[in-house]
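Colleague: Have a look at this one.
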Amino acid sequence: ARPPVNMHSFLPDADKDMLEYSSDSDDEIIGMDDDLIVAQNQQLLQFVVTNDMDAGVNESNADNASSSSSNSNNNVTTQQQQQDQAQANTDTSTDAQPQETETNGFVHMKPEKIQRVSWQLADSDSEEEGATAEEIFNIEPAIEATRDQPPDIHVGAEVVDVKFHPSTNLLAVATLDAEVVCYKYSTDETSEVYSSEHHDLAVRAIHFSKDGSYLLSVSKDKSVAVIDTETFNVKRHYKDAHEVPVYSVYSVNENIFATGDDEGTLKLWDMRRKQHVFSYKCGEDTVNGIISDDAGKTLVAAVNDGSIAAFNCAKRKLIVQSEMYDYPMSCLAVVRNGTRLAVGSDNGVMHLFKWGEFSYHVDNVTDAPQQLNCMEAVGDNRLITGCEDGYIRAVNLYPHRFVGVVGRHQKYGVEGISVSCDQRYLASCNQDDTVLFWDLEHLYGVDTDPRKKGNKIRDQKNNLRSARERNIEDFFADMTEDIPSDEEYTGPVDKPKNVE
């Protein structure tokens, strides 16, 4: 750094005011070009010498004063040429142009604030313009780049339920804006193929039939609609299907489906008839979920008052209602080749009932961190659960163990999940306007050895490869345990001679 120069010592008192600058102004010496500073110092020194010469000559001889004045003018002309050269050099280095003021033949330079320079890539960098960081540094791609899944869908309205078609790449979405929207999906894009507003109020739930020929939707306006998936026309619209808003729906077979409302009433419907064929009051609270076996003989409903109710679909009567639990039953799934019924609850406990014996559970998976809002079976003994804390977790049964985190929603709890027909993708929603896709391919490769004891706290937060977040320990995954040395191994070091 150049030490500061006190120019006041070179000037008479009358000329010091010309160099006075306010500390609060923008006239700072920092950032000025070196050539400009040198030029100004030369001008200042020349000005001091010239004034001293003029003063001495004026006292001795007036004629010499006239000659000295002529030389001073020549010097000023020379100074102006130097200033013009310094100004040209300054223009090539910065866009800021100094301002000139002239007083008594002395040129004052007041530089403005230095502007930022926009840097451009050199010609040597143009060859790597299209290269990725992995290609430039020869490293493995990030985990996020290895996932092969459809892009997320931005619906534009709050989504409350999602369902995959049982045989084609079709996804249905229910919104709070009374819309049912269907999308075609692939790994490259998603496109809207149908949108209907046949409901007057928010759509609560949707469900495809077993063969995928129609789509069911229920609404807060107390109605039930049947949509043909070939033409996307509304085949049936049962208005005032319930006395209160309808909350859940399930297709038993190609003709029979069931619905549940906010006051615990379950109804069976036959599409060949205009009215329901069976109705039963399961409790005083909402019917949160409905499910049946593959044959469609037995139907089970989860009630918000803390019980489940089983029905015989053929005889259209109640089989049994379970004992009352202290917490609501929220969701259902059939596992273990149809021999077990998994029931999720609001306190995070998952109960396992033996199919056909629904009075009381035979096993449970406890200590879930948050209430279970929804669940889907993946394979024979694994479940994917959507929780109120926004996490989507995979759970293994027999042995009961948390496999890891499939994904996570940043806002709100998970309201609905669905598994695609090929068991490859998972779609989820959480009452915002976006449907997220998750790749389940990596889930099937996770082994849960029953001989090894799992770590429940660690597994609940262990992000699988499908998740969009990494584990903390993955930061050191690429580091090798043994660091090679540049020195050759010469054998063991000889011990000192004075040691026996």
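Cβ atoms here come from the backbone N, Cα and C positions, even for glycine.
Residues or ranges marked as compositional bias 'Low complexity' in TrEMBL: 60-97. The annotation compositional bias 'Acidic residues' is assigned in TrEMBL to 477-489. According to TrEMBL, the feature region 'Disordered' maps to 56-110, 477-500. The feature repeat 'WD' is assigned by TrEMBL to 196-231, 239-279.
Any idea what these are sitting next to in the structure?
Modeller: The repeat 'WD' (196-231): residue composition by secondary structure is 0 helix, 18 strand, 18 coil, according to DSSP.
Same-chain residues lying 6 or more positions outside the repeat 'WD' (239-279) and placing a CB less than 8 Å from one of its CB atoms are 201, 204-211, 213, 216-224, 226, 285-292, 296, 299, 301, 303-305, 309, 311, 313, 316.
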Colleague: I'd like to know the mean pLDDT over the repeat 'WD' (196-231).
Modeller: 95
